[in-house]
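Structure first, commentary second.
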């Protein structure tokens, strides 16, 4: 039984109450009585509005379902369908031209294009690693991944392989030629880097002394001018540091003594309370809130054990250099942090209202994460030496919003939280995830509702695909999952997001972002493909690891995103008609083998993720697929897989017994993939009593009934069931 404290009309879990009063509030200038009185008022007045918005979602979905049932068996009349969506208020008029007015935004958002990490906040080690991933070793990223082939004697091996190391060095030199080319010759032939007055001079193997083709790209150094230990370059707004130490193991093999090239990598990071975590009660939430508080105070630390050794990981300080003019140059040593709150759907038992109902978790997150973030403001006396924002802003990503009314509710909520905390109006900035269909088709109207708060729009094609399937659940059978990325709507959706963001004046004020690279081990493929994101005009895109951030950073050196955006302005490429094209399968005559393959692939993915969510409380996992390729799975990928199978079940492509058979076939596969985990409990053969297996089955068989196809209601209930059974 949860111990609670009565505060006004609220019943607050004691673990949360104590955290807020004893840890989060001290140093903010807000006393406990003021905070809780304000929180009580916000929850009491806004929770009914939250419920009304969810009811509207259900009402619109019911009308869409009925329209498709009424038109079953006939090809969809695109014009009639669009008119219907307008008639019911799903598709709204585009607002008159406007530009956002967001102010006091850090340069990492306004003028620096680069990678963005997304990290589960419940894991302190991951959170620290991500915060410190502002800078990363290019040599390590290349050597330790498949970015460099292991062919021709270049295997990673257990010790240092000079053949592989030389390939890494050659790749890095080619990168330097692209990012900061020489006036003549190549960095590959460099034998010495020195500073002559205020100019970088490079000696080549043939004795030639040259300079940078664009001398202004040299911005700082460390060490003596005639023997620098670091050369700091700036290209497309991102820094790259050539580190020199001829006595080091790597530097001793390099003609110029270069031991590494360190890149500014994860410029921004989202600390996630949503899809990558499993937080179902007050205890879970407080773990995340405490980590978020520690990041903002600058005192989060974690004891790391590697074999017999252990060390304490903390946040990195700022990086100091000598500028070209001889003054001190200080660069931020940590990623600029956003926090992703949950959406509007779920409630959480951490606080009960006057009627004993769980309060909306999104309201809870807004109140508590904002309180913690006050400590990260450089204008606040609450922060430690390591502040987050230097412009006085708190950056909150708000996911899974459906249309402009819901964005308006978020901005109202943020305004109310500012009043509780005594913060200036518009301190709380919002990142709008464009991952629900009603937000996509009304994106300009959504942005307008946050015209003075928006700092970010981002396509989340995973969740967006889940909503695409669920919205048109009754329309017919959808294409197979692997075919979804080839459908007309998805390309239009990606272009529409950039086009709309630019038309609304986001350039120079906010990020226009793209989604996650999920194949964590396939970095060579990422290097080849993910450059498409900056080329599409996105000034940030998601990566799954610090290493991925460093490699993706090279793309922003090769592509001037702001120049790309300039070329795209005023040239809309996408239409709402294309976005409204439902990805129905043109034919459903799949063979039995094809159906089995689709079932097995999706069931294996679902089980692999759900078993760790339910049993271990892990919300983001590297889950091997049926071919043992590691994929980063979170609730968004689960939503697609479960909704696709629910759709096929609804339209008779597969039967309930087919689904159950596939789950029972795949459970031993997942068990085998987890056999190295001593804590893991097998699902097979006792399927009926295994909570995780039953949750996976429910997600598919009941998928058509789930609100917007979301997985949270079933996952939360089943996780609490597991925790109670194993208390």
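Backbone N, Cα and C define each Cβ position, glycine as well.
Swiss-Prot names 340, 460, 461, 462, 463 as glyoxylate ligands; from the candidate set 435, 436, 494, the record adds 435 to that same site.
Put simply, of the recorded positions 118, 313, 461, 620, the one whose Cα is nearest the Cα of residue 340 (active site, proton acceptor) is 118.
In terms of C-alpha distance, the listed recorded positions 125, 276, 620, 634 place 634 closest to residue 463 (glyoxylate binding site). Under DSSP, residue 118 (acetyl-CoA binding site) is assigned to a strand (E or B) in the three-state scheme. Residue 620 (cysteine sulfenic acid (-SOH)) falls within neither a helix nor a strand when secondary structure is assigned with DSSP, and so counts as coil. When the alpha carbons of residue 620 (cysteine sulfenic acid (-SOH)) and residue 634 (active site, proton donor) are compared, the span between them is 5 angstrom. Among the recorded positions listed here, namely 435, 460, 461, 462, 634, 634 has its C-alpha nearest to that of residue 313 (acetyl-CoA binding site). Candidate recorded positions: 125, 126, 276, 544, 634. Nearest to residue 461 (glyoxylate binding site) by Cα distance: 634.
Within 10 Å of the Cβ of residue 462 (glyoxylate binding site) there are 20 other Cβ atoms, across all protein chains. Cα separation, residue 435 (glyoxylate binding site) to residue 125 (acetyl-CoA binding site), rounded: 28 Å.
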